[in-house]
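Notes follow the structure.
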Amino acid sequence: MKINSPKDLDFKPGSSVFLRCDFNVPLDEFGNITDDRRIRMALPTIKYLLDNECKIVIASHLGRPKGEFDEKYSLKPVAKRLSHLLKQDVIMAKDVVGPDAKEKASKLQNGEILLLENVRFDPRETKNDEGFAKELSEFGEFYINDAFGVSHRAHASVEAITRFYDNEHKAAGFLLLKEINFFYKLLENPVRPFVAVVGGSKVSGKLQALINLLPKVDKIIIGGGMAFTFLKAMGYNVGNSLVEDELIDEALKIMAEAKRLGVKFYLPVDIVIADKFAEDAMVKYVTAQEIPDGWMGLDIGPASVRLFGEVLWDAQTILWNGPMGVFEMDKFSRGTFKISHEIARSHGIKVVGGGDTADAVQRAGDDEEMTFISTGGGASLELLEGKKLPGIAALEIK
């Protein structure tokens with residue numbers, strides 16, 4: 001798979017570039033950005049274009065507006081933060097392809113940046129509309145996609161727009177290339193032993209990824225709510241824990257396939273249980289076989305943390321996707337944070353995928369220790385499932 005990098009494009013001073021970023025950052029109720037990692041990770045591409053004296057028009061979405069202007073999804077806070085990080089003005093458009101954006105784009109000087117308003121304020125974005133994509137393409141003689149987090153979606157600014165650029169005028173940004181390289185190396189040629197740590201609430205969300213990962217890994221650790229479907233499949237009583245009964249057969253098939261392939265398959269051996277799903281719940285520690293009726297498992301227990309820590313100890317490659325428990329509640333955060341510390345301590349390559357997992361790593365204070373933290377939740381999961389992502393396929397040099 002050959003994809004251009006920005007360094008392969010022939011920029012001249014004054015070249016106009018349409019850059020698709022993923023600035024879908026979390027905001028608090030006052031509209032302040034609570035985590036600017038996605039903005040910071042786009043800086044290498046933006047700075048490279050600035051060094052080449054390009055005129056840069058940036059597009060991004062934020063949240064899920066209903067295809068019309070909605071102040072709470074405006075990119076104004078992003079423009080402010082980006083300007084602060086770059087230490088230069090970022091011009092903010094009032095619309096996407098309307099008169100304000102077009103006028104401001106026409107007046108851009110070399111080394112200036114225009115940020116369009118949220119592309120999802122136009123309903124044609126999510127429909128992958130070719131007419132809208134053509135209008136966007138008129139902002140730049142070059143196109144760069146640096147938005148891994150939306151590259152699994154065939155949207156106008158990600159997929160349709162590439163039809164208006166030949167191979168010499170389109171590329172993946174440095175962040176997107178980094179994401180692709182990490183995940184492809186991980187799946188095609190990992191340094192062994194390769195351990196996957198898979199958590200999160202539901203098996204259904206991770207089923208395809210598990211099936212695709214099994215032949216590639218040496219060991220697999222299952223935690224989070226999805227573990228209870230596997231525990232129930234083994235005949236354990238799981239009380240009121242989250243279980244997808246319709247996937248019990250699939251869980252049995254996955255365990256049988258792991259055995260056939262010689263992949264060691266680990267489930268929690270003890271559980272932190274609660275009498276209700278709430279901060280003020282009563283809490284007990286029990287073995288995985290002894291969850292009483294009326295109680296639900298909300299985190300892995302200390303023995304599971306020790307066991308998983310030993311499994312991770314000699315790993316040369318670790319992929320972590322999905323928390324071990326309801327880490328948003330303090331009482332049920334210990335398992336996730338301790339596994340985060342165990343992974344951070346390991347000497348191998350440590351790749352973290354998925355939004356919740358990235359949040360957990362940051363809250364555990366381990367983000368500096370990880371080799372790579374992906375910016376895409378759904379996109380990284382689809383890569384792990386072995387799917388081709390529309391935004392990446394559209395950049396391939398045919």
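Glycine too: its Cβ is placed from the backbone N, Cα and C atoms.
Per Swiss-Prot, these features apply:
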type	residues	note
BINDING	Asp22, Phe23, Asn24, Arg38, His61, Leu62, Gly63, Arg64, Arg120, Arg153	substrate binding site
BINDING	Lys206, Gly297, Glu328, Gly354, Gly355, Asp356, Thr357	ATP binding site
Where Glu328 (ATP binding site) sits in the secondary structure, as DSSP reduces it to three classes: coil
Separation of alpha carbons, Gly355 (ATP binding site) and Asn24 (substrate binding site) (Å): 11
Separation of alpha carbons, Arg120 (substrate binding site) and Lys206 (ATP binding site) (Å): 27
Binding-site residues compared (Asn24, Thr357) - highest count of Cβ atoms within 10 Å: Thr357
Per DSSP, three-state class assigned to Arg120 (substrate binding site): helix
Packing count at Asp22 (substrate binding site) (other Cβ atoms within 10 Å of its Cβ): 25
Those residues of the chain, 6+ apart, with a Cβ under 8 Å from that of Gly63 (substrate binding site): Asn24, Lys72, Tyr73, Asn118, Arg120
Site with most surrounding Cβ atoms, counting all protein chains shown within 10 Å, from the binding-site residues Glu328, Asp356: Asp356
Cβ neighbours of Gly354 (ATP binding site) where a neighbour is any other Cβ within 10 Å: 26
Annotated ATP contacts Lys206, Gly297, Glu328, Gly354, Gly355, Asp356, Thr357, maximal Cα-Cα distance (Å, integer): 22
Lys206 (ATP binding site) - helix vs strand vs coil (DSSP): helix
